[in-house]
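Undergrad: Here it is: the structure, laid out below.
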Amino acid sequence: MLLNIVLISNLACLAFALPLKEGTRGSRCFLNGELVKTVNTSKVVSECCVKDDISIIKSNAEHYKSGDRLAAVIKYYRLYQVKDWHSCNPIYDDHGSFMILDIDNTGTLIPKMHTCRVECEIALNKDTGEVILNSYRINHYRISGTMHVSGWFKNKIEIPLENTCESIEVTCGLKTLNFHACFHTHKSCTRYFKGSILPELMIESFCTNLELILLVTFILVGSVMMMILTKTYIVYVFIPIFYPFVKLYAYMYNKYFKLCKNCLLAVHPFTNCPSTCICGMIYTTTESLKLHRMCNNCSGYKALPKTRKLCKSKISNIVLCVITSLIFFSFITPISSQCIDIEKLPDEYITCKRELANIKSLTIDDTYSFIYSCTCIIVLILLKKAAKYILYCNCSFCGMVHERRGLKIMDNFTNKCLSCVCAENKGLTIHRASEKCLFKFESSYNRTGLIIFMLLLVPTIVMTQETSINCKNIQSTQLTIEHLSKCMAFYQNKTSSPVVINEIISDASVDEQELIKSLNLNCNVIDRFISESSVIETQVYYEYIKSQLCPLQVHDIFTINSASNIQWKALARSFTLGVCNTNPHKHICRCLESMQMCTSTKTDHAREMSIYYDGHPDRFEHDMKIILNIMRYIVPGLGRVLLDQIKQTKDYQALRHIQGKLSPKSQSNLQLKGFLEFVDFILGANVTIEKTPQTLTTLSLIKGAHRNLDQKDPGPTPILVCKSPQKVVCYSPRGVTHPGDYISCKSKMYKWPSLGVYKHNRDQQQACSSDTHCLEMFEPAERTITTKICKVSDMTYSESPYSTGIPSCNVKRFGSCNVRGHQWQIAECSNGLFYYVSAKAHSKTNDITLYCLSANCLDLRYAFRSSSCSDIVWDTSYRNKLTPKSINHPDIENYIAALQSDIANDLTMHYFKPLKNLPAIIPQYKTMTLNGDKVSNGIRNSYIESHIPAINGLSAGINIAMPNGESLFSIIIYVRRVINKASYRFLYETGPTIGINAKHEEVCTGKCPSPIPHQDGWVTFSKERSSNWGCEEWGCLAINDGCLYGSCQDIIRPEYKIYKKSSIEQKDVEVCITMAHESFCSTVDVLQPLISDRIQLDIQTIQMDSMPNIIAVKNGKVYVGDINDLGSTAKKCGSVQLYSEGIIGSGTPKFDYVCHAFNRKDVILRRCFDNSYQSCLLLEQDNTLTIASTSHMEVHKKVSSVGTINYKIMLGDFDYNAYSTQATVTIDEIRCGGCYGCPEGMACALKLSTNTIGSCSIKSNCDTYIKIIAVDPMQSEYSIKLNCPLATETVSVSVCSASAYTKPSISKNQPKIVLNSLDETSYIEQHDKKCSTWLCRVYKEGISVIFQPLFGNLSFYWRLTIYIIISLIMLILFLYILIPLCKRLKGLLEYNERIYQMENKFK
């Protein structure tokens, strides 16, 4: 035993004597490496081994004793995998192309994106479809979008494009180029065979004829299968296919065929007469066959035996296979192979309540009005019938209508018979009573009834319901919470109508009245003004104004479910009291959570709440802070100031003065009453809290602290530099306005700048406004300062980054700007401040973004305000976004020169301007008649109008004709682009965890601290009883005691950028009109019609899906799905968020540690945040969303159609007499240029001369886009576009009777790829992406059209029920119909096989 103790003591001495050397621990990951940072810390940081895009980083920690605690020296090493990375001159960029881990002064690893600044050239080889990058030094590139590839290169690299259409962003150096390019044909087949042994030429030929190869293969395989089937009886299943054709042949044979003289069968010039008749009978001689035919014994052509023979024939089956394959491929081949701010809660609540009240009142009022109106109408009808019965009667003797007044019955008639109320005596004339007889009564009653009805509808209900401290001059002895609480607005019992501000401040001085009126006080801003005031007397005075100005708003808090209750209730639900965590059944918890048990919140069965608080000041303070935060929204204004004072001084018993005044007024608001009763209960808890003195700022403190200033004259004009500066505090005598700070410059008064006062960076005795450069003005004080009391205060200068000089900084960007007429070279540093720079030199340290602000970092530079800088121009060396250049050539010569240029790799799109707005496909033409005001010699203000679907890339050709049918000219209407776009703002980045930042501490004995200290955004971990024998700190001999605790944060690699929609969607349609002599385009908003002197456009829209609210972007692709908003850390994509302020995340860390005797433990963190990055990998890529190449984040949604465009094109006046349909034309000159069989086509410019106005048709050996042109002596230049699918030596063009030939100028290059803008239609060999087969179209556009109205609106469970019923019906049909039918079919096929064998004598 003694020997063991001696050995242990010796080991302990050796452990203390030998320092920990590098390599003893922490030498994992890699050996050697370059030391990049050393951090001294008392917080132990866990060792790391992580990788970024240029290196691997590891850390080694050496611990030592510092006083009574441990400290550590942490060394960070970097092993560069990209050796000469510094040659690319990197700079920090939020949207950079590669990630480097930065190490801050606490040892925390922070991922930062960077961009190289070496010049890089980006080009596109259109012949091969490759992106070409050139850089004279090492550089980093990234291609993202529909394809993704990235890496480092030097000198030159070629990256082939992979997809048929590419919308990509190429980043290389400081350039970022966005473009959209499409191959002429699909590349999926080529991409599949790429890398095989086949040469590229063979791959291209094979993929070009892929459909033909597949068709031939299918026919061959099908033919082999059919030959095999001929050996079985299954082949007779084709009888229904062959039989109709054989039957038709038999009918034609019997009726129309010419007969042979020898055998009486159909003539057979190349064969001998047969011995078998068409009815199947067999004879030995031709004469017997002829006799059989002559005697009419032949029953005719037998179709069924011939059909069975065809089923067994290999030739007929092969023909059937070919036909079936063609039909089958026409079916399956492609047709042509796309959180609310709590301050705003009351306003939101009031708005919702108002809208709901309007809806309710409208509904109730409409119902009451309807019932009331119906009642009035029914009453009037009943009154009318009663009056008619009382005043008149229908006589049964004579059939006429008599008045009841004076009517007498005598035997079989009355004294008024043969007379009717509608006229005089009828005598013996025939008259029968009808409704017309009472016309006078009806009209009279209708007028009277209408008047009565109007009177009944007049509303007659009129609802009217109107139902000691001097807070204006409070004394200095009353500035305690007890007295000040009596000045709270609700306690002043002002319940009458509001008082105007002029009456409230009538007793103030004129200057004070002007000042108060200038504040524009109202009920919405007065609470904020009270809270921002610095003197309690001013706050009390304005609380009094509030009580008079806003009595309804002040007492709204005591009305249950009012707008004023929303804020404190929301906070009460958000912050859980500590007592509710342990005793959730308590009435106060249920009251705050669900408004239950609010009448008994003080109930404390078994004294559980008392036991929880008594003797536990920490628990009491925790819940009191929550209560104070809630009450700040119950009594805003002065009450909020007093509650903050209570919280600061910890004089919680002073809360009774506020709670006691609120309780009597809250009897009608049960939830508020219950909450206040609980406040009274918790204040009775038996706890001892040490209070601090009151810290209210009062006028008496200001008055007694400084000496008076006699000279208070305001400065005459603004000044830049303040000499002999003094700080002055001025206030009104009664404290109506809060004290203001001023500065005295040579005894002249100026306003204290809101941005602070600084010492001049070249003369410390002078003062500057806002920064140390004296670039901002000191404004003179107001004239009313002479009426205030002013005190000289101690001169204080602002201490901020503007007052601290630095030799270097982490520069974000360089530039220049105008500062008071002088041009300054400036730098914006990572702290967001601007500095003057005299040299832009790198600091040559391991910090790659650290730059000197002067030569060799010798001089200190001070920041200045950005407001002093105007006309800022940032250097072009900073990141520059580029787009492909578009050149519109006005004449054919320049266009042909561009086509024949040898530059094949430039990202430039060349257009012949007159033909730019034509589609790539020749449109279908229709004829439209000219409309307008017809006059004797023509049409005035002529126009055409029609509609066209608003589909991107759709075009229509129109031949315009006169009313007599004669053609005038052709125009092409082209929907050039349909744009559905919205702006998005950046939220955060997310990605996989590549490492963990961690810090931990150990205590030898005792428990873990509560709460565990940690940085913002870090999560904590701990383990009790961590000290044991052989597992303890230096000098710690505890067993089963102590604590190991710490905090951690994930290091993530940013891969997904999360954006949120920040604007409403905008839908625009651009429509182009092209004629042979002119072309123009107009853009119309979906919501706003376009009316101009040339064209009128409006769009009838259809319902479309809206763009997603939150999207994720990775490598230029847009993903949608369940994504967290900023600040939300639910277990889905975006649970760990990297944004400008740091990293957001949550989780329960999983950790372990390795013990060392007499040494600090090695903490091993296996998990920190709950990173649900795998959920991001399950997001759905939305191919309809693309990122536009704009300066801000703009997303475009591909839409097939937005509706229908109604257009009206104004064409001016036409004179019939001056217009000729057969004009005499001479072609003076013609030039053509372009390419064969390409979307750009062949552009031709013609110079024509004519002496009349007329129209001419255009003919050519190529296909023409415009069919008819209008010629005019005043117009000589015309442009047409041709499509030449085959190469021709010459192009011929005929205009009217004139013809001309020209040799076209053909492009030297043979581009396989075409550049165009993001929203324009790309023309390739496949268009329909929604339905790629005819079967799909049958389902989507045929069957679904029938069943969609029936089942489309049913819920999931109803559809499931219908599917089950249909399945049961199908099962019954299968069991009782299909199976017996198949058995019957099998027997029928076997019977035909036996008959066939008998007919051919095989049995």
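Cβ atoms here come from the backbone N, Cα and C positions, even for glycine.
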Undergrad: Confirm whether, per Swiss-Prot, Gln1397 lies on the same side of the membrane as Arg142.
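TA: Topo match: no.
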Undergrad: Out of Asn412, Asn686, which one does Swiss-Prot list as N-linked glycosylation site?
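TA: Of Asn412, Asn686, Swiss-Prot lists Asn686 as: N-linked glycosylation site.
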Undergrad: Can you sort out which of Cys523, Cys550, Cys580 is the disulfide partner Swiss-Prot gives for Cys589?
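TA: Record-based pairing for Cys589: Cys580.
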Undergrad: For the transmembrane segment entry in Swiss-Prot, name the matching range from 315-335, 966-986.
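TA: Here Swiss-Prot associates transmembrane segment with the stretch 315-335.
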Undergrad: Take the C-alpha atoms of Cys591 (disulfide bond) and Cys550 (disulfide bond) and report the distance between them in angstrom, rounded.
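TA: Their Cα atoms are separated by 30 Å.
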Undergrad: Mean pLDDT for the topological domain 'Lumenal' (470-1361), rounded to an integer?
TA: 82
Undergrad: I need the most crowded of these disulfide-bonded residues: Cys487, Cys523, Cys598. Count other C-beta atoms within 10 angstroms of each C-beta and give me the top one.
TA: Cys487
Undergrad: List the Cα distance (Å, whole number) between Cys589 (disulfide bond) and Cys598 (disulfide bond).
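TA: So the alpha carbons of Cys589 (disulfide bond) and Cys598 (disulfide bond) sit roughly 9 Å from each other.
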Undergrad: Which secondary structure state does DSSP assign to Cys471 (disulfide bond), in the simple three-class scheme?
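TA: Looking at the DSSP assignment, Cys471 (disulfide bond) belongs to neither helix nor strand, so coil.
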Undergrad: For Asn686 (N-linked glycosylation site), which of the disulfide-bonded residues Cys471, Cys487, Cys523, Cys550, Cys598 has the nearest Cα in space?
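TA: Checked the disulfide-bonded residues Cys471, Cys487, Cys523, Cys550, Cys598; minimum Cα distance to Asn686 (N-linked glycosylation site) goes to Cys598.
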Undergrad: Tell me, by DSSP, whether Asn40 (N-linked glycosylation site) is helix, strand or coil?
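TA: It is in a strand.
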Undergrad: Rounded to the nearest Å, what's the C-alpha distance separating Asn40 (N-linked glycosylation site) and Cys580 (disulfide bond)? Just drop the number here, would you?
TA: 43
Undergrad: Whole-number Å distance between the CA of Cys487 (disulfide bond) and the CA of Cys580 (disulfide bond)?
TA: 34
Undergrad: Relative to the Cα of Cys471 (disulfide bond), which of the disulfide-bonded residues Cys523, Cys550, Cys580, Cys598 has the closest Cα?
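TA: Spatially nearest to Cys471 (disulfide bond) by Cα position is Cys550.
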Undergrad: Which chain-mates of Cys580 (disulfide bond) that are at least 6 residues away have a CB under 8 A from its CB, listed by sequence?
TA: Lys586, Ile588, Cys589, Leu592
